[in-house]
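A.B. asks: The structure follows.
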Amino acid sequence: VLLLAIVSLVKSDQICIGYHANNSTEQVDTIMEKNVTVTHAQDILEKTHNGKLCDLDGVKPLILRDCSVAGWLLGNPMCDEFINVPEWSYIVERASPANDLCYPGDFNDYEELKHLLSRINHFEKIQIFPKSSWPNHEASSGVSSACPYQGRSSFFRNVVWLIKKNSAYPTIKRSYNNTNQEDLLVLWGIHHPNDAAEQTKLYQNPTTYISVGTSTLNQRLVPKIATRSKVNGQSGRMEFFWTILKPNDAINFESNGNFIAPEYAYKIVKKGDSAIMKSELEYGNCNTKCQTPMGAINSSMPFHNIHPLTIGECPKYVKSNRLVLATGLRNSPQREIRRKKRGLFGAIAGFIEGGWQGMVDGWYGYHHSNEQGSGYAADKESTQKAIDGVTNKVNSIIDKMNTQFEAVGREFNNLERRIENLNKKMEDGFLDVWTYNAELLVLMENERTLDFHDSNVKNLYDKVRLQLRDNAKELGNGCFEFYHKCDNECMESVKNGTYDYPHYSEEARLNREEISGVKLESIGTYQILSIYSTVASSLALAIMV
């Protein structure tokens, strides 16, 4: 009787609820655990670049090569290739360009000018004071061996070094009205001689000044005559200045010596997002949507760890080395125990103890076994809802991190080192916060994703349990054992939620009562084991005899 009962139980029809498993070794971290193996994961941290300078959305960068921004704007003779430049997407300057201020000196508010350039995409150079407009001064003699061109002394192309003429330097009074609709970048300078002899040799007047005025600027400069060490063979120095002249405003110059006059000015014809990048890279004849000083990034990932300074549509920079988002389930593949004919599997195939590698068309589903055979079937509805939810997860993370901290790579002069240090600390602090937020968000979302999948499996289990009620027995491993015959049509009704409980309840009741009559517990577990042991021993003894 006991043997018949056991055989009867083994041959009962079953349906199990389970989840997908595969050979994935992808691992994620959660708030509670590290290195959780999952069926599917998505790396959301871009770590690669192409190592090249590329066009940005089809617009070429302005790569200054051996020229600095100052050398380009003033017109260092060695930077003639940049006399007229087309629209640029961003500007690239080397860390220590060779062709800077060929005549030694300073560029006043240079760092602020560079910051201004990070919002400009195109200049149009226009002539405001032609060399021929200085009849009472030498406009071509102001050259220096410090600025050579083709083996001869030369000077910056966009400004004019005015020298005395016929032993006289008449006072200059010149104005320029900006009749353009665009802002105008105007450059000028002052020469600081080495000694009084050089002062009178060049400008005749021993005491000189330069006055510059606009509606917003009131400047008066005087030369600083001093003995200095030679740089580029020069003991003198030059100091350059700039201003933005608004439309309908005028700039007025007055000077009786030492004046470096503007010949050309820059009309700002296009403003937009740009940047000045410090990079030694070469142009790669490529196109990108995101550029860094290390190279271009072509990625749809929400984060990157390549360089904090970027230009274009870029992922958000974080200091993390790893950000992996769980999109699938916990991956714990379980071997199935199959019978030769019907493929019936045992308790270890349940969702509590392991996932199914045989179910490949969904995340959650069923495995059934009856007289007609056995097989897997994904639950398409719950799987699709889960896919939709997880698909939106990356977008959700992007939305939650949609404010990019702007690391513009600002520069500071020597007098602003404390400000620079403070600025760097603030930038580092912001980046630390962004990194912490990104890492914490990923940990939390991974926890939620895995809990979400667990909940979906439980919901599917409860859906079956509530339909079958006492027409089947819960085996405790995600499987139900029917107390009645359940053919393929019956199995399908359980899966789609249309199972007819009353139709099968009488057959189930009779089988349930029959099984109850031979319950193992009526004999006792230890007695059953004892009987089995005795029978096995007797059989072994008989074989030996």
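Even glycines carry a Cβ here, placed using N, Cα and C.
The disulfide bond annotation in Swiss-Prot covers C54-C286, C67-C79, C102-C147, C290-C314, C486-C490 and rests on sequence analysis. According to Swiss-Prot, the N-linked glycosylation site annotation covers N22, N23, N35, N177, N298, N496, on the basis of sequence analysis. Residues annotated as signal peptide in Swiss-Prot, with sequence analysis given as evidence: 1-12.
So that I understand the layout, could you describe where these features sit and how close they are to other parts?
C.D. replies: Every protein chain considered, the tally of other Cβ atoms within 10 Å of the Cβ of C286 (disulfide bond) stands at 14. In the three-state DSSP assignment, the secondary structure recorded for C286 (disulfide bond) is strand.
Around the Cβ of C67 (disulfide bond), the same chain contributes N76, M78, C79, F82, E93, P97, N99, D100, each under 8 angstroms and 6 or more positions distant in sequence. A strand conformation is recorded for C67 (disulfide bond) in the three-state DSSP classification.
For C147 (disulfide bond), the same-chain residues lying six or more positions away in sequence with a CB closer than 8 A to its CB are N76, P77, C102, Y103, S153, S154, F155, F156. Look at C147 (disulfide bond): DSSP puts it in a strand.
Reduced to three states, the DSSP call for C314 (disulfide bond) is coil.
Note on C486 (disulfide bond): other Cβ atoms within 10 Å of its Cβ, all shown chains, come to 28.
When Cβ atoms from all protein chains are considered, those within 10 Å of N22 (N-linked glycosylation site) total 18, not counting its own.
Neighbour density for N23 (N-linked glycosylation site): within 10 A of its CB lie 8 other CB atoms from the protein chains shown.
Around N35 (N-linked glycosylation site), the C-beta neighbours below 8 angstroms that are at least 6 residues distant in the chain are Q27, V28, D29.
All chains included, 13 other C-beta atoms sit within 10 angstroms of the C-beta of N177 (N-linked glycosylation site).
For N298 (N-linked glycosylation site), the Cβ neighbour count at a 10 Å cut-off comes to 14, with all displayed protein chains included.
Long-range Cβ contacts of N496 (N-linked glycosylation site) within its own chain (separation 6+, distance under 8 Å) are none.
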A.B. asks: I'd like the number of other C-beta atoms within 10 A of the C-beta of C79 (disulfide bond), please.
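C.D. replies: Excluding its own Cβ, C79 (disulfide bond) sees 24 Cβ atoms within 10 Å.
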A.B. asks: Nearest to N23 (N-linked glycosylation site) by Cα, among N177, C290, N298, C486 (recorded positions)?
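C.D. replies: Spatially nearest to N23 (N-linked glycosylation site) by Cα position is N298.
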A.B. asks: Report the nearest neighbour of C314 (disulfide bond) in space among the disulfide-bonded residues C54, C486, C490, comparing Cα positions.
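C.D. replies: Spatially nearest to C314 (disulfide bond) by Cα position is C54.
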A.B. asks: Taking only C-alpha atoms and a 10 A limit, tell me which of N22, C54, N177, N298, C486, C490 are near C290 (disulfide bond). These are the recorded positions.
C.D. replies: C54, N298
A.B. asks: Going by C-alpha positions, which of the recorded positions (N22, C54, N177, C286, N298) is nearest C486 (disulfide bond)?
C.D. replies: N22
A.B. asks: Using a 10 Å cut-off on CB atoms, tell me which of the disulfide-bonded residues C102, C290 is the least crowded.
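C.D. replies: Fewest other Cβ atoms within 10 Å, among the disulfide-bonded residues C102, C290, is found for C290.
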A.B. asks: Which of the three DSSP-derived classes (helix, strand, coil) applies to N177 (N-linked glycosylation site)?
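C.D. replies: Its secondary structure by DSSP: strand.
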A.B. asks: Cβ-Cβ under 8 Å from C54 (disulfide bond), same chain, 6 or more residues apart: which ones?
C.D. replies: P61, Y283, G284, C286, N287, T288, Q291, A296
